[in-house]
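A quick write-up on the structure given underneath.
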Amino acid sequence: MTQTLVNNAYGKEISMTVIGAGSYGTSLAISLSRNGANVVLWGHEPEHMAKLEADRANHEFLPGIEFPPSLIVESDLAKAVQASRDLLVVVPSHVFGIVLNSLKPYLRDDSRICWATKGLEPETGRLLKDVAFDVLGEHYSLAVLSGPTFAKELAAGMPTAISVASPDAQFVADLQEKIHCSKTFRVYANSDFTGMQLGGAVKNVIAIGAGMSDGIGFGANARTALITRGLAEMCRLGAALGAQPETFMGMAGLGDLVLTCTDNQSRNRRFGLALGQGKDVDTAQADIGQVVEGYRNTKEVWMLAQRMGVEMPIVDQIYQVLYQGKDARLAAQDLLARDKKSEGK
């Protein structure tokens with residue numbers, strides 16, 4: 001019998017290290033370790049991580065859900081990164097590049113990096129894969145995990161489906177094997193590395209619009225129209241970037257869009273609701289109490305659309321509300337007042 005050589009600080013084989021101990025990172029770590037696999041969860045605040053270890057739970061974000069025995073809580077980045085070949089980065093998009101720079105010195109020669117971050121690079125609107133290549137070079141295999149997932153439901157073991165994409169087919173297969181749980185968590189393989197990243201950013205913006213519409217009181221018809229036309233905008237931008245159209249009909253496109261636009265577990269939707277009810281941007285964000293990815297994503301997607309010459313009227317109106325002080329009701333009226341168009345355009 002061949003014994004696996006273990007060379008890490010924990011003295012046992014680590015299936016995966018999750019970088020980021022917010023609600024989503026913690027829920028993924030719980031799900032990954034639920035079947036007995038050893039998983040390291042790293043967070044950058046030692047006091048927060050000490051509390052997670054003492055409680056063996058994340059009471060702030062995931063109340064009532066205990067950590068499996070095989071989930072290891074860690075605040076030492078070097079130990080966490082070197083513990084496993086495979087890293088899953090789950091941090092807000094505006095610190096994605098910073099976190100990659102922080103972990104880079106500790107990477108192993110065989111490290112592979114996947115991220116579940118949804119968004120684009122701040123101030124540039126670049127895809128996160130381009131940020132990762134800039135920071136890490138082309139030596140390491142990269143992948144993206146995306147789809148319709150709320151952290152509380154995932155952590156509670158409720159049925160969930162998601163997709164993973166990478167230029168490295170073996171990395172995709174290995175991630176499917178590690179993440180997939182036949183009873184509660186289904187993972188689909190996808191070959192569209194670009195489209196998978198874009199869907200997660202654009203849907204955040206459209207969800208703010210859907211929330212604004214509902215906050216104003218426009219009803220189900222308007223919400224559905226926003227979702228449908230928002231999907232069209234997502235597809236147009238994806239086509240300009242070379243993404244595969246079918247990706248946007250899958251988990252990382254339509255699936256995530258519908259989830260985020262229709263359920264109040266979505267911070268982006270709740271943020272939009274508050275704006276539609278008359279609150280200003282700062283108050284609406286403060287009321288959420290956690291990062292609202294769609295706020296920054298709106299500027300990033302708007303910048304990307306401008307650079308690519310892609311018309312995205314919903315994104316444009318939401319950008320004007322968030323960054324130029326436009327009234328949400330006026331933005332909705334201006335959308336309806338646009339020149340007549342064919343549905344396919």
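Each residue, glycine too, has its Cβ placed from N, Cα and C.
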According to Swiss-Prot, Lys118, Gly147, Thr149, Lys203, Ser266, Arg267, Asn268 bind sn-glycerol 3-phosphate; which one of Asp109, Asp214, Asp256 is annotated to that same site? Asp256
Can you tell me how far the Cα of Lys203 (sn-glycerol 3-phosphate binding site) sits from the Cα of Ala151 (NADPH binding site), in Å? 17
Do any residues at least six apart in sequence from Ser23 (NADPH binding site), in the same chain, have a Cβ closer than 8 Å to its Cβ, and if so which, in order? Asn58, Phe61, Leu62, Ala151, Lys152, Gln290
Determine the most Cβ-crowded residue among the binding-site residues Ala151, Val291, using a 10 Å radius around each Cβ and all protein chains in the structure. Ala151
One of the binding-site residues Tyr24, His44, Lys118, Val291, Glu293 has its Cα closest to the Cα of Asp256 (sn-glycerol 3-phosphate binding site), namely Lys118
Across the listed NADPH-binding residues, Ser23, Tyr24, His44, Lys118, Ala151, Arg267, Val291, Glu293, what is the farthest Cα to Cα distance, given in whole Å? 22
Residue from Gly147, Thr149, Ser266, Asn268 whose C-alpha is spatially nearest that of Glu293 (NADPH binding site), among the binding-site residues: Asn268
